[in-house]
């Protein structure tokens, strides 16, 4: 019997090549957005990346695009309150949502960002999938549950990407995956497959590229 939320398998050669070609194109930072009025034209499909601060979001985007330093990490949780848009060739926007984990952010800033996030998620017709990044060392935390609930209510399909998988021994990883699967079973918008990655080692990057390349 197959587990609910199985790990994504490595794509076949043709699917992997489609992903490679998409991400072989030029990757560039387009703009940071602080209000809906600043969004770029909805003229191509887009995927967004959400995750708590220090989950490895910038590293993952840099690994996907093969462009070191394209997405820059902030060491202060909640500091960057912009939605950052990157172009991936002429076909795709990669959208970096601000890291959540608000211990050091003023309440007014948090509320403003949450409003913008809700508006973006519910109002962006070209958004094909959200990727929610979960640190393999820690599993799903309360703040992750909050973003998943928001994606449920916004009717945006989201897929969990486990980061830093190389930092966890295989026996411990199985326990964490059980916890993640249990959490995902409560979310109707969760895509029924998990991607295991390590930006440092390159594990799972080709798989994620292929998944993105086959969204339409």
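The count begins at 1 with the first shown residue.
Glycine residues also receive a Cβ, built from the backbone N, Cα and C atoms like all the rest.
Here Swiss-Prot flags 51-58, 78-82, 96-99, 163-166, 197-199 as GTP binding site. Residue 82 (GTP binding site) counts 15 other C-beta atoms within 10 Å of its own C-beta, drawing on all protein chains shown.
DSSP assigns residue 58 (Mg(2+) binding site) to a helix. For residue 58 (Mg(2+) binding site), the count of additional Cβ atoms within 10 Å of its Cβ stands at 22 [all protein chains shown]. Under the heading Mg(2+) binding site, Swiss-Prot lists 58, 80.
The annotation domain 'EngB-type G' is assigned in Swiss-Prot to 43-216.
Secondary structure from DSSP puts residue 51 (GTP binding site) in a beta strand. Residue 51 (GTP binding site) sits 10 Å from residue 58 (Mg(2+) binding site), taking the CA atoms of both as reference points.
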